[in-house]
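Below is one structure; the comments refer to it alone.
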């Protein structure tokens, strides 16, 4: 199971890197969002079931459990990732409305303007 999860995380990182390296701003935002999902999966994979972990307050008849701290961290990361994605989408939309362009190469401008 861990090997499958590791392969999924690697695939998400590959797709995120591919999207971030494109010139389209929307693809870059989607790539950053995919990176956050891969990071959340990495954190969740750290809290897998273990035979040595037992419920802390119940002595007899206890069962294996997953660390709730990692789940709280991932929930917080999901909210932060959603807010960041929403902010970046608004920023890209505003940039498109002002410049009528959505590619990074066009938005860089001319080097002659920077020298003057």
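The backbone N, Cα and C atoms fix where each Cβ goes, and this holds for glycine too.
What Swiss-Prot records for this protein:
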TRANSMEM  3-23  transmembrane segment
TRANSMEM  28-48  transmembrane segment
TRANSMEM  72-92  transmembrane segment
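Taking Cβ pairs closer than 8 Å, the transmembrane segment (28-48) reaches residues 2, 5-6, 8-9, 12-13, 15-22, 66-67, 69-71, 73-74, 77-78, 81, 84-85, 88-89, 92, 104 in its own chain, all 6 or more past its ends. Within the chain carrying the transmembrane segment (3-23), a Cβ under 8 angstroms from the stretch's Cβ atoms is held by residues 30-32, 34-35, 37-38, 41-42, 45, 103-105, all 6 or more beyond its ends.
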